[in-house]
Structure formats: structure tokens, C-alpha cells
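**Q** Reproduced below are the annotations present in Swiss-Prot:
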type	residues	note
BINDING	Glu171, Arg217, His444, Arg481	L-aspartate binding site
BINDING	Arg217, Asp218, Glu219, Gln226, Glu474, Gly526, Phe527, Asp528, Arg529	ATP binding site
REGION	195-198	region 'Aspartate'
SITE	His30	site 'Important for tRNA non-discrimination'
SITE	Gly80	site 'Important for tRNA non-discrimination'
Amino acid sequence: MRSHFCTEVSEKDIDKIVKVAGWCNTYRDHGGVVFIDLRDKSGLVQLVCDPSSKAYEKALEVRSEFVLVAKGKARLRGPGLENPKLKTGKIEIVLEELVIENKSATPPIEIGNKNVNEDLRLKYRYLDLRSLNAYEIFKLRSEVALIARNTLAQKGFLEIETPILSKTTPEGARDYLVPSRVHEGEFFALPQSPQLFKQLLMVGGMDRYFQIARCFRDEDLRADRQPEFTQIDAEMSFCDENDVMGVVEDLLREIFKAIGHTIPTPFKRMPYKEAMENYGSDKPDLRFELPLVEVGDCFMDSSNSIFSNIAKDSKNKRIKALNVKGADATFSRSVLKELEEFVHQFGAQGLAYLQIKEYEIKGPLVKFLSEKGLKNILERTNAQVGDIVFFGAGDKKIVLDYMGRLRLKVAEMLDLIDKNAWNFLWVVNFPMFEKTENGYHAAHHPFTMPKNIECEDIEEIEAYAYDVVLNGVELGGGSIRIHKEEMQKKVFERINIHEDEAQKKFGFLLEALKFGAPPHGGFAIGFDRLIMLMTQSNSIRDVIAFPKTQKASCLLTNAPSPISEEQLRELHIRLRKLSLKDMI
């Protein structure tokens, strides 16, 4: 049907007959001469038709998004008529034949216009996908998937599919449940990850497994979350942390070659505690400096009892300083107020600061600090004339969080972030357990190998867990797994999953660990998130062909939707409205 894609027509085709196909991107009638910009997956080429052509009458019928097949002679555009913005900007095709394969209603969205309301774009996603930018995104997505497959296959990994209909197990988020028609009152769960099955593959001697896996989590959505998502998932036997990290680094190095970027390996490694204390995040963005500095001891003799009491509880409290170089010249009083309001939404009671002037130091904290304390703060933060030093004080977890967010906010305001940089980092030595309102739970998942399970202070137990971070975004992570039944039971006990419950939920895993499970570990990389970063897209929805909204609905198909009474009966389900009493 065609001899060339639109942008394949070049100067070497001058005076030759070519045949192209695609959609009418724009239509113009200039004094009887018709110009059509034809668009296909490769880009645009200009068609031109004057009244002498036998295709002229047909060309007059063309409108936006009509599907066309065009045949004509390629020629150079006239002097001054070239379009340097187009790959085909020096040439045009003089129409000899034109077939309208299909007409189009007036499109409800302008193809390629990112300023169109996102809900409207998602409702007409098939039109939104016609944009050249969308094609480039999904072309890269396809290339990256192929690179991942080839790279892992060359390293001896087997691509093996794991079940989609599985057993509900607690992994941190709610499961999507599927009622069984055959087993009345029982449910399958869609997998949040292939975690347990890939471990069982290692028990089964598969040695190295991978898949590009579909996963499902019924959780509150954010810009980088979807209820169904894809991850590059892998597991390997007889390995340690270094082996797994090496595979991930090799994989990402090959993937980033696809966009012409050579990333240095090995990646820098940073312990979790260092990341939290110095950057206020377990996924620090290291494209810029601005570290947090601990200054609690500088307030030990403060005349302000609030600060001095915080300083004396170094286990549970923190006083952190953030020196913003040169900020005194650019941060007005209104900006300082804006920053205070910003951190307030994350639990800060206020935002104290010192302004380093040429002949004095100003700020509400000055009068509460001893001369020695002030001197130590200035030295430790390397504060100089023109700087502003911000302070966060209070509960350790809250202070680290809002000061880390302040660090990012200030970096964005001062344009300190190199948008063209790719900064990879391993965060290691995560805590094994985290405290919640209902006790402790596994920070990653309960199948991660702990480093010091016998430690009396549960919060000091670390895990053989590791996250790979790119530009302040968690790209993926993994861990060395527990491969002995006794250790798995100890971990369950630490998070109050007692023997009966453990057997009910994970009996199949505990049984498998009795039969010579090898040491093993693995990783998962968020595939959608990776493509979002590589294409510098604003939302993960831009890199998924048919994404859900932030309310977990599909505007294109109107899913989820009610089902018929007959379907409910087949599934042995009856719906009823809950009363207030039922919900209490």
C-alpha cells in the first residue's frame, strides 16, 4: 500500500514516484492550491495538489484526521519555502493519486496538544496515542523491553511466567480479589509481585529467572503509581548482594545506551541511615549538594528550653540545619513565609533560620544560642556572608522528612538541579522492621534476609535489602531472601505472624524451604517508572498505553462497571449496602 514512511522520503527520491499513507495532520487551501501535512508513525511530509491534478477534487474533500493513501512525485520545495523544523522540510510530494481510506469526525482533542485536559485525553486515548511524541515513547518502551530480555538471557536467565490468579498474601497494599465460580465463597488474588513464585522457582532449581511481569495493587494513587503496572522482575540462586547489584548495573547500562547515554558503574552506595540523616530521604537526589547537617549538640546550652530538650534526646529527636548558599539575596520575606508554610504541611511547627549578613547574623534563633553554639553551627554548615541557614527541630522522623522535602523545594526554586544528569545510587542496609500503630511490620517484605535477627532492639535489625535510586526516584529494589525455614519462622514471629497464621498464609513456602532451598536473591525494576524517567514524561500515565486515572478508573471503557445479577449469582455473590452500624 505504501513505498515509504513519511520521513523516509528524501532528496534522493527527487523526481521519483513515491507512495505514502497516514492521517491528515493539517489541511490548507492557498488560492486553489491544496497543502496537506500527512502524518504517520515516523513524522510528517507535505503533499501539494493544484487544480490541474486528477487528485484535486478528492483533495478538496480532505479534513483533519482523514486516513489517506497518496501517490505522487517527490520534488524540492521552492526557495524560501523550506521548513527546517521538519525532517522532510526541503521536499514535498506532488499528488497524482489520492485515496481517502476513511473519514473522521471532528476530533474532540487536538492531536499532540499536551495542554488538553488529561481526563479528555484519557477518554479519547486512541486519539491521544496518534501524537508523534506518544509513538516515540512506546517505541522506546518496546526497545527497552527487548534490551532487558536480551541482556538477561545472555546472563543465563530464563524467562518464565508466573501465575496471575494467585493466593492473597500481605505485601503492604490491598489485593485485587477475583471470586471463584467453582469454589464458592473463595477468592483468588491478582499478584502484587511474583515474589513467592520466583522464590519457589529457585527452590525448583531454575537458577536464574526473569519476566516482564504485570503486577496489581489496590492502593491510593499518585503521579507515579497505577493499580496495574509492569516490572522487570528477576531472581538468582547462589548469589550475594554484590552479584545482584552487578546484574542490575549491567542491565541499566545497556538500557541507557538506547538513549545515547553511557552510565558509569559501579553505582555509588549509601547506607540507609546516612541517606536519611544527610538528605532526609531514602531515595536522595544527588544531582545537587545541600546536605542536612546535625547541629543538636550546638543547642545543648540554648536558653530556649524547647531546643535544649530536643538536643538532649538524640535517639528520638533531631535538630537539622540546611545551608542555602547565596539565598539571602534572593529569598525575600514572602519567600521565607512560603517555605515555612510548605514545611508546615508535613508536620513542622515552624521554620527557624539564620541570615548571614556582612556585619551581623539575623534571625529568631540568634538570641537563644550561646557564642560557642553559634560558632559551631557556622563552621559545621560552612555558612558565609549571603547564606541562609534553615533549621528543623523535633521528632526525628518528622524533621528528617520535612527537611528533606525543603532541600528539594529550595533546589527547584534556585534551579540547582541538572535536568540532563543521570545520577544512580544504591541505598543499602535498610531496617528490617518498621514501627506502625499496630506493632512492627517488615519494611520491605517478610521474606528478606535479616543481618542480625537476634538483636534485642528490633529497630536496629538491618536487612540484606537494596534500592536503586535514579535522580531522587526509587527505580527498583530487591534483597537477599530467607532460604531456611527456621529463619523464616523467626521473622514471622518478630512481626506477630504466629505459627497457625503463618501456616495458613505461607504454609506452601515454609514447606518448600524444608527441601534444600538454595541461597537466593533478586530484584525488580519499575518498568513504567523507568520509561517515565528516560522520556522525561510528567506522569507515569504518559508511558502506559491505556492507563487508569488517579481514581483507579478507565475513562475510555468506563471500567470498573456494574455486573449483571446473573453474573453475581454464578459467582455466589450478593451485594448489599452497609449500614453505619456495619461499618463501625
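For all residues, glycine too, the Cβ spot is worked out from N, Cα and C.
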**Q** Consider the recorded positions His30, Gly80, Glu219, Glu474 and say which one has the Cα lying nearest the Cα of Arg481 (L-aspartate binding site).
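**A** Nearest in space to Arg481 (L-aspartate binding site), counting only the recorded positions, is Glu474.
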**Q** Any idea of the Cα spread of the ATP site, Arg217, Asp218, Glu219, Gln226, Glu474, Gly526, Phe527, Asp528, Arg529, as a max distance in Å?
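**A** The widest Cα-Cα gap among those binding residues is 20 Å.
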**Q** I want to check the contact list for Arg217 (L-aspartate binding site): same chain, sequence separation of six or more, C-beta distance under 8 angstroms. What comes out?
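**A** Correct list: Ala173, Arg174, Tyr176, Gln192, Arg225, Pro227, Phe229.
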**Q** Who sits close to His444 (L-aspartate binding site): which same-chain residues at least 6 apart have their Cβ under 8 Å from its Cβ?
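**A** When sequence neighbours closer than 6 are ignored, His444 (L-aspartate binding site) has Phe430, Ala463, Ala465, Gly477, Ser479 within Cβ distance under 8 Å.
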**Q** I need the CA-to-CA distance for His30 (site 'Important for tRNA non-discrimination') versus Gly80 (site 'Important for tRNA non-discrimination'), whole Å please.
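**A** Gly80 (site 'Important for tRNA non-discrimination') has its Cα 16 Å from the Cα of His30 (site 'Important for tRNA non-discrimination').
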**Q** If you skip the near sequence neighbours and keep only those at least six away, which residues in the chain come within under 8 angstroms of Glu219 (ATP binding site), Cβ to Cβ?
**A** Ala173, Arg174, Arg225, Pro227
**Q** Which residues, sitting 6 or more apart from Phe527 (ATP binding site) on the same chain, put a CB under 8 Å from its CB?
**A** Arg141, Val144, Ala145, Ile212, Phe229, Thr230, Gln231, Ile232
**Q** Could you tell me which of these recorded positions, His30, Arg481, Arg529, has the fewest other Cβ atoms within 10 Å of its Cβ?
**A** His30
**Q** Take the Cβ of Glu474 (ATP binding site) and count every other Cβ within 10 Å, whichever protein chain it belongs to.
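**A** Cβ-Cβ neighbours of Glu474 (ATP binding site) within 10 Å number 16.
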**Q** Give me the DSSP three-state residue breakdown of the region 'Aspartate' (195-198), ordered helix, strand, coil.
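**A** Its residues fall into 4 helix, 0 strand, 0 coil.
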**Q** When DSSP states are folded down to helix, strand and coil, where does Arg529 (ATP binding site) land?
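**A** Looking at the DSSP assignment, Arg529 (ATP binding site) belongs to a helix.
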**Q** According to DSSP, collapsed to three classes, what secondary structure does His444 (L-aspartate binding site) have?
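**A** For His444 (L-aspartate binding site) - judged by DSSP and reduced to three states - the answer is coil.
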